[in-house]
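**Q** Below you will find the structure I want to go over with you.
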Amino acid sequence: MSEDDPFAPASPPPTSAQQQAEGDDGDAQGAEETTDSSSKKKDLSPEEREARRKRKEAKRKKKQEDKRKREIIVSKESSAYGHFQSVQPEPSKKLSTLHTTAYIAPEQSRFFDAAVDDPVKHGDGFSAYTTYRTRVKSSDPEFAPMVDIRLRYSDFHNLRTQLVEAHPTMLVPNLPPKQIFGRFNPKFVEKRALGLTKFLNLVVSHAVFGKSPHLIDMFKLNRS
């Protein structure tokens, strides 16, 4: 029958003996190729063998050199990162752009002592208020050695406001807080007197505030 005949019976599958024979033929062919390669190596001249050996040696050295360079790069990167971690600066602290002055005077002030006490209530109802005996002693011969007057809380408040406006870059001492209800309570009034004493001493002992014309005018400390 013709090979193109679709009704021709299929060829039987190869037997084990045939497969073994084909495998032997492949092994024989591989052996022949190996033999040919070996024979080619044997046919090389000494100069060609030396050239081949040098090429292999050059490739081996290049691989080693590339590996060494990679290791050096990794080592440097690790070292640099470790150094960066060790020298990380602390977060910078925000500093005020305004110069501030401490309450303690850097030089001898004109005044050295102040006291606020003896609170007295005046009037009744919404018009009632309290005055405090306020004394200031001065060691400066240009000023009165002792001033003793009565002042209201609002007088101290006005003085502080004037100092803040005249010296906006300086820390002006705080006054004791205000209180709407119970402002005539004896304990509150006594506590306020202590707070006013602290405020006044900080002001009169300050090198700048102690020379303020607002303070001098308030206490009429100038002999003239």
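Start at 1 and count along the chain as shown; that gives each residue its number.
Yeah, the Cβs are placed from backbone N, Cα and C, and that goes for glycine too.
Model, not experiment: these values are computed from the prediction.
Annotations for this protein, taken from TrEMBL, read as follows:
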| type | residues | note |
| --- | --- | --- |
| REGION | 1-74 | region 'Disordered' |
| COMPBIAS | 38-51 | compositional bias 'Basic and acidic residues' |
| COMPBIAS | 52-62 | compositional bias 'Basic residues' |
| COMPBIAS | 63-74 | compositional bias 'Basic and acidic residues' |
| DOMAIN | 110-224 | domain 'PX' |
**Q** Who are the long-range neighbours of the compositional bias 'Basic residues' (52-62) in its own chain, taking Cβ under 8 Å and residues 6 or more past its ends?
**A** 44
**Q** DSSP on the compositional bias 'Basic and acidic residues' (63-74): how many residues come out helix, how many strand, how many coil?
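**A** Helix (H, G, I), strand (E, B), coil: 12 helix, 0 strand, 0 coil.
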